[in-house]
Each structure stands twice: as structure tokens, then as C-alpha cells.
Amino acid sequence: MAAQKQGTKKLAAYYLVGSVALLYSLVEMGYGVYLRSLLVLSDGFHNLSDVVAIAIAVISERAAAKPKSSAMTFGYQRMRVVGGLVNSVSLFTLAIYIGMDAIPRLIFPEALDKALVVIVIGALGITVNTFGTLVFAATGHVHSDGNSASHDHAKPTTTSLIPSPAQMSSYTDLDDVAMDEIRRIPSPTLSMTTVEAERAKRIKTPKTHSLDGNLVAVFLHFLGDAVSSVFVMVAGILLFSYQGASWAAYIDPVASYFVVALIISTCIQPIRYGIQILLQRVPKSVNLNIVAAEITMIPGVVDVHDFHVWEMVDGLPIASVHAETRRGVSLSAVNNAIKLIFHKAGIHSSTIQVEEAQEDRPTQGLLDHCENNCISTCAEDNCCKDVVKGTERLNQEIRERRVAT
């Protein structure tokens, strides 16, 4: 009930502030065209981006409530990422356009004769954006570090990723596999000494916060636009104070570059974030080499491959991994141990494939390297494409030699 009330409160804040911001943005852009002021026009576009940000937040809030389907198995969790990326790229493009359009104004400056209008527009912008900032701060109880809502300010806990012997035995017996009999294959970029050092230091788990990314994003938008409106008001005061001065004609194009720089600086991080999420970059909170090495230290595990970690959205890491074990080792025990390692690393959604290593049987060629990844009917479309081609060439050479002899 409380969550539903909070959601209604957020939507009301979105609609209220969005309506005011839309009206102000349209008026400001109209005056920017009328006054031929790049400064006012650029600030108008900047404020309009707030309206788009609010629309994205509302759409993503509603989309997140939609159930998963056979076509959208993850639901619409990335709606905000895609919308934010489109919004930021569009605003970045407009900023570049305004910056290019200001160049002729620097070469052939045009004096503005309605400085008072610019001052009023700047003052209104400060008022509107401060109003929006305060509303969202009150609605989401936004912290300066970007976290909000529930406060779990407990000190960070420290823990080793690898399960303890007691935890391992609680899953199932590992068939008395001795630790000194296990062949461990370390990560190619991480020595076992490094892993032991990391375990000695204990890997820290991050603090948990309930983060309302939509609310924080819109809050930061309005906070940035309040600063942008300050530039407009200061430029208007300078224009009014130094009317008739030869250099006053340069105030508008020069000040517009300050706003353009502010817009670009606020766009870079959302663009980088969106690209990293869509390219499935490994989250910064996860050290892939350390986690992989910890998995190889599980009794019975001899190799780890096809290990991937990515984020569906910020704070929701997902992993998939293949682990090979010695013959006779309980696969379910290893599977549970890997889940525990993932859990302690902050990964709570995973796909784990545990398989027995094929090292004890005669080799069947290069295809053994990826036997558990591909079968002959799909090998050309899978990770073993190059290996399959190499195997075919090798078989062809063998056939040719047989014919020659």
C-alpha cells in the first residue's frame, strides 16, 4: 500500500513539473527565435530535454509494470536506458548545431536590444527549474550521492568469495576429492598468488541502497538547467548594463557556448552509460578474473570457460559460465558452490552449466576443445566456427595423404 502511494506521488510530481517545464520551454524557444538569441534558444532546448526525460521516466515506470512475455523475456527493464540514450544523443546533436551556428555570430555580431526580456526569461528559468528540483528532491528524498529511498547505512561487510568447507559440505558430498589432487587452471591474466592475496584482503561487498534511477536522473536534469538559466540571467544583466558597447554584441554567442558546454557535459555520462549497458560491458563492481579464479578453486573444478557477466540495467548483473569438473564429482554440489560465489559477488541472476571434463578419453581432434558448446549441426554458427574449419582442413589433409599413399 505504501509502495503504491509512493508510486502515485511520483507520477503526480512527473505530471505537475512536466507540464510547467513544457510550457516554459515552448515560450523560451519562441522568444529565442524572436530575439534571434542563440543563448535563449539553447537554454530552451536544454529545458525541453527535461520534459523528454520526464516522459521517459513515466513510460519506463509504466513499462516496468508490464508482465514478461515470450517475445520480451526480460520485460521492458531497459526502456529507460534506451530512452535516456536517445534523449542524450539528440540533445548532444542540438548542442553541436547551436555551437556551429554561433560561429557566424562571432564573425558578424548582432546586438540584442531586448535585454530586459532575456533577464525575465532567465529569472523564470531559475524559478521553474528550482521548483522542479525541490519537488523531485521532496518526492524521492534524493541524496547527493545519487541514492534514495530506503536507508541501509550499515558498514560494508567483507567476505571471501569462495565457499568455506562447511558451506560446501552442506550442499552435498564432493566424493572425497582431495584438494591436492585437483588440477586448477588459473586465469591467463591472474596468477594464483594474486588470487590468494585478494582472498587475504577479503573482497568487500558494496552497500545496498534502493535507487530510483528515474527520479534521480530527472532531479539532476532540473538541477543542471537551473545552472543554465543562471547563465541566461547573467548574460541579460550584462546586456542591459552595457547597452551600446561594441563588445556587448559578443555576449550572446559567447554565453551560448557556456550553455553548450554545460549541455555536452551532462550528456556524456548518460551516453557512455547507455552504450556500456547495450554493449553488455562487465559491471565495474565485478572483477571477472577474481571470480573466475575463485570458481577454479572449488574442489573438483578443473576449468572455467565461456564466462560472461553483464548488466540488464544498473545494479542488475547477470552471469553465465561453463565449468568442467573431474569425473565422479557431484555436479550439483559444484553448481551450488558457483551460485554461492556469484551471490557473494553481487550476482543473483545466473546460468551455470557444469560438465565433466573429457580429458580421460581419447582425443577426437580439435573439436574436443569445444565439445560441450557445439554440435555438428550448429557449429558453423557458434563459438567453435574457427575450430570446426581447422578440423575440416586437418581431416582433408589426412584424406589426401591416404589417397597419396
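Cβ from N, Cα, C; glycine included.
According to TrEMBL, the transmembrane segment annotation covers 12-34, 40-60, 81-100, 115-138, 215-242, 254-275. The feature domain 'Cation efflux protein transmembrane' is assigned by TrEMBL to 19-279. What TrEMBL records for 145-168 is region 'Disordered'. Among the features that TrEMBL reports, compositional bias 'Polar residues' is placed at 156-168. Here TrEMBL flags 284-356 as domain 'Cation efflux protein cytoplasmic'.
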Below 8 Å between Cβ atoms, which of the listed ranges 12-34, 81-100, 115-138, 215-242 makes the most pairs with the transmembrane segment (40-60)? 12-34
Can you see whether the transmembrane segment (115-138) and the transmembrane segment (12-34) are touching - at least 3 CB pairs under 8 angstroms, only pairs 6 or more apart in sequence? yes
Between the stretches 81-100, 215-242, 254-275, which wins on the count of C-beta pairs under 8 angstroms to the transmembrane segment (12-34)? 215-242
Over the domain 'Cation efflux protein cytoplasmic' (284-356), work out the mean pLDDT and round it to an integer. 92
Cβ contacts under 8 Å made by the transmembrane segment (81-100) with residues that lie 6+ beyond its boundaries: 38, 41-42, 45-46, 49, 52-53, 55-56, 59-60, 217, 256-257, 260, 263-264, 267, 270-271, 273-275, 277-278, 313
Sequence-remote partners of the transmembrane segment (215-242) [C-beta within less than 8 Å, at least six residues beyond its ends]: 10, 14, 17, 21, 39-40, 43, 46-47, 49-50, 53-54, 57, 80, 84, 112, 115-126, 128-130, 132-133, 136-137, 139-140, 142, 146, 148, 248, 251-252, 255, 258-259, 262-263, 266, 270
So how many of the residues in the domain 'Cation efflux protein cytoplasmic' (284-356) end up helix, strand or coil by DSSP? 23 helix, 28 strand, 22 coil
